[in-house]
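One structure is given below, encoded as structure tokens.
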């Protein structure tokens, strides 16, 4: 469950920034995460709540926004989305999914996308991930 590790990293980053800026409290944090991370938001929210209980972030409101993934082939110029990528990857790797479940190797290691995926149009592995990868804090509201 990498959601707990992400929660720890978010709180450590906020703590460091609070010290750097001389702030005592964070009232609101907006987190932008990439679709490719296939995060379990409920787990991440719970982890943030639990890990922040004894910190200045215990009352912080965390707002989450998902950035959709998009890809562009450097060979033919074709653009596609994560749903298309996930379907072709599941088919190519023979991944069977349970009802309502969607898990791929990319969930655990997003960097594998470049090695495992191909352009759905021409089959090339030479493509760019234009968006939807990673996680970042996009906005912070401090109090005193």
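Cβ atoms here come from the backbone N, Cα and C positions, even for glycine.
What TrEMBL says about a protein is an automatic prediction, not a curated fact.
Bear in mind that the values here come from a model prediction, so they are computed numbers and not experimental data.
Annotation comment: TrEMBL describes 2 as Ni(2+) binding site.
Taken from TrEMBL, the feature Zn(2+) binding site covers 73, 76, 119, 122. Neighbour count (other Cβ atoms within 10 Å of the Cβ, all protein chains): 13 for residue 122 (Zn(2+) binding site).
A simple way to gauge crowding: the CB of residue 76 (Zn(2+) binding site) has 13 other CB atoms within 10 angstroms, across all the protein chains here. Sequence-distant contacts (6 or more apart, same chain, Cβ under 8 Å) of residue 119 (Zn(2+) binding site) comprise 71, 73, 75, 76, 78, 80, 125, 126, 127. Residue 122 (Zn(2+) binding site) sits 33 Å from residue 2 (Ni(2+) binding site), counting Cα to Cα. Apart from 73, 76, 119, 122, the residues listed for Zn(2+), the same chain places the Cβ atoms of 74, 75, 77, 78, 120, 121, 123, 124, 126, 127 within 8 Å of the centroid of those Cβ atoms.
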